[in-house]
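To keep things clear, I will list the structure first and then write my remarks on it.
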Amino acid sequence: MVLNVYCCFFQISDIQTMKINQTILKEFILVGFSVYPHVQTFLFVVFFCLYLLTLAGNLIIMGLTWVDRSLHTPMYLFLSALSFSETCYTLTIVPKMLEDLLAKDRSISVTGCSLQMCFFLGLGGTNCIILTLMGYDRFLAICNPLRYPLLMTNIVCGQLVASACTAGFFISLTETALIFRDSFCRPNLVKHFFCHMLAVIRLSCIDSNHTEFIITLISVSGLLGTLLLIILTDVFIISTVLRIPSAEGKQKAFTTCASHLTVVIIHFGFASIVYLKPEASGDDTLIAVPYTVITPFLSPIIFSLRNKDMKNAFRRMMGNTVALKK
């Protein structure tokens, strides 16, 4: 009898504890860089400068493409779409991160967290697909130059970009719904500087291994699928370029593809580290910095530095600005 009462008492205690832990959470706390308190001010200055330069670079590319009619071609429309997507991608993550570097309150509502995650995944997926479409555009231009104007018009380009956004956000909505269908338990500490899906999944009240496996499978499949398509188009491009008789033609073709390949290597290289690294190795917060801050910063620089059309358009714009002032 005494033993039964004793067992009942502890069962009730366990149930009460479980109910407390499974209380519906209204907010998460982003741990972020609070584990590095001595360098937070330095990190704020560095990330803020990179943030401004990223916005400036992408806005210049979008502005030039919009203003200069010579850039109203599929190649630059894809580049402008990528710049717009990366600008939104940066705005989704960096402002909140900068705020948390200076603030003591690092909370984010559950709704805000789900929206941030959805936009982060959707825009990240859109970037991958647009990079793939840019490779396909170069493939058509180099391997099928006579049919290129018929196959890739500005209207087709717009339709492909819209499809990329739709596909990217369809996947992101699916992943976000899978994650937020479960309830979350305390402690509500997200060990990241934004609502990264793997960091949030681990706060689930139930065993999240199955959900984590599905999310990882979807993300890795998306990354590898788009990367394989890019590699395939590049193989055809290289084989075609090597058959071009003139050295000038080869150089022009390689220059056109070099910027795209560089961005692809950086983008997919940094993103793949998140899913291919061993679970217990390294700090997820530091590993996320390259693909959330550095990649969007480097992309406009790489695409603009060796691009003569962009340079000429920029000079014309600056010349027109100076002429108007006079």
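Cβ coordinates are placed from backbone N, Cα and C, and glycine is handled just like the others.
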Same membrane side per Swiss-Prot: Arg138 vs Gly319: yes
Cβ neighbour count within 10 Å of Cys205 (disulfide bond): 14
Cβ-Cβ neighbours of Cys113 (disulfide bond) (radius 10 Å): 24
Integer Å distance between the CA atoms belonging to Asn209 (N-linked glycosylation site) and Cys113 (disulfide bond): 21
Secondary structure content of the topological domain 'Cytoplasmic' (137-155), with strand meaning DSSP E or B: 13 helix, 0 strand, 6 coil
